[in-house]
Each structure stands twice: as C-alpha cells, then as structure tokens.
Amino acid sequence: MNPLMLLQSSQMPALCLLSGTLGGIIGSFLGVVVERIPPLINEEEGAGNLLFPASHCPACAHRLSWWENIPVVSWCCLRGRCRCCKTAIPLRLLLLELSSALFFALTAEFAPSAAALASLWVLWCGLLPLAVIDAKHLLLPDCLTQPLLWAGLLSHALFHQLPLTDALYGAAAGYLSLWLMYWAFRLSTGREGLGYGDFKLLAALGAWCGWQALPSLLLAAALSGIALYFLFYKSVKENSVIPFGPMLSLAGLVIFILQTLHVTF
C-alpha cells in the first residue's frame with residue numbers, strides 16, 4: 001500500500017482537513033493572480049507584481065491585517081465588504097478560495113497515489129486562474145499557459161502517468177488543431193473565431209491528457225459552450241465574443257480526473 005492510500009485508510013478526516021486548508025490558502029493566492037496579472041500585462045500604472053504591494057483594498061488602499069486574509073473565513077466575517085470603506089469584496093475571490101479548498105479535500109480522498117494527487121493540484125492551480133481571467137478579460141496569458149504545458153510534460157516525465165511521447169504529440173496536436181480551425185474559419189468568414197491563447201491552452205491540455213484525449217476534450221468543451229450559450233442567450237449580444245478558455249479548462253480537468261481514476265471514455 002502506498003503512503004497516500006495508508007493515510008486515506010487511517011487518517012482520512014485529518015488528511016481532508018489539511019488538504020482543504022492548503023487548498024484555501026492556495027485559492028487565496030490564485031485570487032491575487034487573477035486580479036493582478038491582467039493589469040501587469042496591460043502595463044497599468046501601479047500594477048505592482050504578484051508579491052508587492054501587500055494585499056489591500058483597491059478602493060481605499062487599506063492594507064489587510066492577518067485576520068482579514070484568512071481564506072473563506074475572513075470574507076464571511078467581513079460579510080463581503082472592506083472593513084474600512086465598506087466596498088464590496090468580489091464574490092469571485094470567495095469562490096476561488098472555496099472551490100480550491102473543496103477540490104483539494106476531495107481529491108485527497110480519491111487520488112490513487114501522491115504523484116496523482118500532486119498532478120491534480122498543479123493542473124487545478126493552472127486552469128482555475130486561466131478560466132477566470134479568460135471569462136473576465138478574454139485573455140489567456142502566456143505566463144500561465146506556457147508553464148502549464150511544461151508542468152504537464154514534467155509530470156509525465158517524472159511520474160509516468162502517460163508515455164512522454166503521447167504528451168509531446170498531445171501538445172503539438174492540441175496547438176495545430178485549433179490553429180487549423182482558426183484559419184479555416186477566418187478564411188471562410190473573414191472573422192476571428194478563436195484566439196491564440198486558446199491554441200496554447202489546448203496545447204497545454206494535450207500535454208497533460210495526451211493526444212488520444214483531444215477529440216473527447218474538444219467535443220466536451222464545444223458542447224459546454226453551446227449549452228452555456230443557449231442557457232444565457234438572452235443576455236448574449238449579437239457578435240459578442242464568448243470565451244472558450246473556461247470550457248477548455250473544465251473539459252480538460254474532467255478528462256484528466258477520469259484518466260487518473262483509470263476510467264475509460
């Protein structure tokens with residue numbers, strides 16, 4: 001029995017609690033990533049970096065004390081508002097912390113090995129900010145997609161979850177497939193149907209899931225996008241741009257989880 005399975009069988013509540021706490025802390029940092037990377041890319045004045053300035057209210061510049069930075073708990077205690085100026089704290093920050101805590105706790109319960117658990121956590125930490133940033137800004141930054149691709153290749157090189165050649169072919173096929181779709185659509189309609197960030201994200205997902213998973217991944221992402229369009233079609237303006245990154249991220253995460261659990265599809 002591997003060490004993780006031993007913990008799962010003997011110390012499951014403690015393992016889930018510690019994993020969930022770690023997930024909440026990481027989710028809080030992912031909130032910083034989501035809020036600060038777009039201004040950094042756009043070179044906005046005072047954007048700083050991921051570490052400076054310290055966490056503060058963007059409305060009144062109040063620097064947050066330690067107890068205002070506790071994941072999930074602080075947002076609830078402050079009722080979603082700044083302690084000083086009462087400006088609303090974005091709900092997405094709470095959702096980032098809460099979803100990360102839940103994901104880390106749940107995956108700690110069912111992951112078959114420590115290597116699989118680490119891979120799941122790394123993939124989550126790459127896909128979640130990409131999905132949120134793309135949904136908000138129509139942007140998939142290279143500074144997130146490229147490390148995610150290399151992390152996928154490194155994961156398979158170290159842990160042998162997939163043959164490394166499958167991951168390499170997946171990265172190449174992921175990029176080229178959307179690149180070809182982009183040019184086919186552009187030449188036939190004169191409009192851009194995809195962004196280059198989508199190519200790079202699918203390349204990263206190909207590195208994680210392997211080339212064999214790409215058809216299922218693209219189909220799941222496309223169906224998710226169609227479903228969301230019809231669900232919210234009344235609020236979608238004509239010729240508006242719909243981000244594809246969140247659908248790719250969700251489909252890629254689900255497929256990698258199924259692969260980790262050795263579920264065939």
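Residue numbering: from 1, along the chain as shown.
Each residue, glycine too, has its Cβ placed from N, Cα and C.
For 12-34 (among others), the entry in TrEMBL reads transmembrane segment.
Taken as a whole, the domain 'Prepilin peptidase A24 N-terminal' (22-107) shows an average pLDDT of 89 in this prediction. What TrEMBL records for 22-107 is domain 'Prepilin peptidase A24 N-terminal'.
TrEMBL lists 89-108 (among others) with the feature transmembrane segment. Beyond the transmembrane segment (89-108), the same-chain residues lying 6 or more positions past its ends with a Cβ under 8 Å from any Cβ of the stretch are 8, 15-17, 19-24, 26-28, 30-31, 34-35, 71-72, 75-76, 78, 80-82, 117, 120-121, 124, 128, 132, 257.
What TrEMBL lists as transmembrane segment is 114-133 (among others).
Summarising the annotation, TrEMBL assigns domain 'Prepilin type IV endopeptidase peptidase' to 121-228. Residue counts for the domain 'Prepilin type IV endopeptidase peptidase' (121-228) by DSSP state, with H, G and I taken as helix and E and B as strand, are 93 helix, 0 strand, 15 coil.
According to TrEMBL, the feature transmembrane segment maps to 167-185 (among others).
The transmembrane segment annotation in TrEMBL covers 205-232 (among others).
According to TrEMBL, the transmembrane segment annotation covers 244-263 (among others).
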Distant-in-sequence neighbours of the transmembrane segment (167-185), which means Cβ under 8 A and at least six residues beyond its ends: 149, 152-153, 156, 191-194, 196, 198-200, 202-214, 218
